[in-house]
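Written below as structure tokens is the structure these notes are about.
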Ligand SMILES: *Cc1c(COP(=O)(O)O)cnc(C)c1O
């Protein structure tokens, strides 16, 4: 008989009752060090006082009104995001894949309004992940995600990872946009070189296409910059954000330049929940914490500390860990044994990591984990490596 919860997930046999900072606690009191943060979502760890305060204060006042009315909390968060980024305007969603839906619609509507309705093609990349909506799976295009779900949304052309010649050959006056993650998350923590992002910006400028960055996983301070595009010294036209922005409350956003957003006039898009008072009160509190230079500098410092330890593990246990990848606190360990086994051995050590494609385990800890948490995480990873070695 089918389980009462639709059985689409392969869940680990773990169940947490509460969280404190970078720690998750089971009902029996077992404490797990959380280096996954619910897949890069709990950017400030669990039960952060500022987020609890923002949530409970708002909860006592007003949860939801719909976008039929003004939402001051939404206005405030939009202002914060616009102040801190390339963007002139923001639309709030409830998830990353909804941000993908709007990014695709926005790019196509832009060309429609420019009198080029046939300009619908979006270039995307092998190994990418943009969520599980109809446009999200079409954008990523992997066999695993689209199989059985046809007809698949058209107009996406899938190109090899980090192959600029392929992009140049594919880009044309039919290209509406290029959509790409600066660092692939689900794909196995595969970072694009800054030079590639720069070149993609140039290709877009040459053919007129819009550059859409998917920073759902790598954004909101995770790399040590508020957004990863800053490393390359370029700006996108449209950017998808989610995961960390709500710190655990479901929230996403599409950020855009005024020109790229020019087709999205009243009535062209909407969401019942998107940007509701509760979500935006929390989002605002997250932004206030993660967007300061001091916080971002700490992310970089902690990244160096963690990374140094991980490099040590690769050197000591080359039959378990092959390579460290990624940036900031979005790090990956390429495994020699099956990465699922390494994640499971982590559970035995009360350590949470997240598997990804390309046989990589992801370390996506709360951005405010402590130096002691890092030391503890490295010790537990070493215990895992010892058990998996030889
Ligand atoms: C998680 C993720 C998404 C989808 O976000 P959901 O909130 O699960 O819909 C899209 N893009 C990237 C890069 C992601 O990591």
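The backbone N, Cα and C atoms fix where each Cβ goes, glycine too.
Remember, predicted model here, so these are calculated numbers, not experimental data.
Residue 96 (pyridoxal 5'-phosphate binding site) carries a helical DSSP state (H, G or I). The Cβ of residue 96 (pyridoxal 5'-phosphate binding site) has 28 neighbouring Cβ atoms from other residues within 10 Å, across all protein chains displayed. Feature annotation from TrEMBL assigns pyridoxal 5'-phosphate binding site to 96, 97, 129, 214, 215, 216, 217, 272.
Here TrEMBL flags 132, 271 as N(2)-acetyl-L-ornithine binding site. Its Cβ placed at the centre, residue 132 (N(2)-acetyl-L-ornithine binding site) has 15 other Cβ atoms within 10 Å.
Residues or ranges marked as N6-(pyridoxal phosphate)lysine by TrEMBL: 243. Secondary structure at residue 243 (N6-(pyridoxal phosphate)lysine), as computed by DSSP, is helix.
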Greatest C-beta neighbour count within 10 angstroms, which of the binding-site residues 97, 217, 271, 272: 217
Checking the binding-site residues 216, 217, 271, 272: which ones have Cβ within under 6 Å of ligand 1? 216, 217
As a whole number of Å, the Cα atom of residue 96 (pyridoxal 5'-phosphate binding site) is distant from the Cα atom of residue 243 (N6-(pyridoxal phosphate)lysine) by 7
Consider the recorded positions 132, 243, 271 and say which one has the Cα lying nearest the Cα of residue 216 (pyridoxal 5'-phosphate binding site). 243
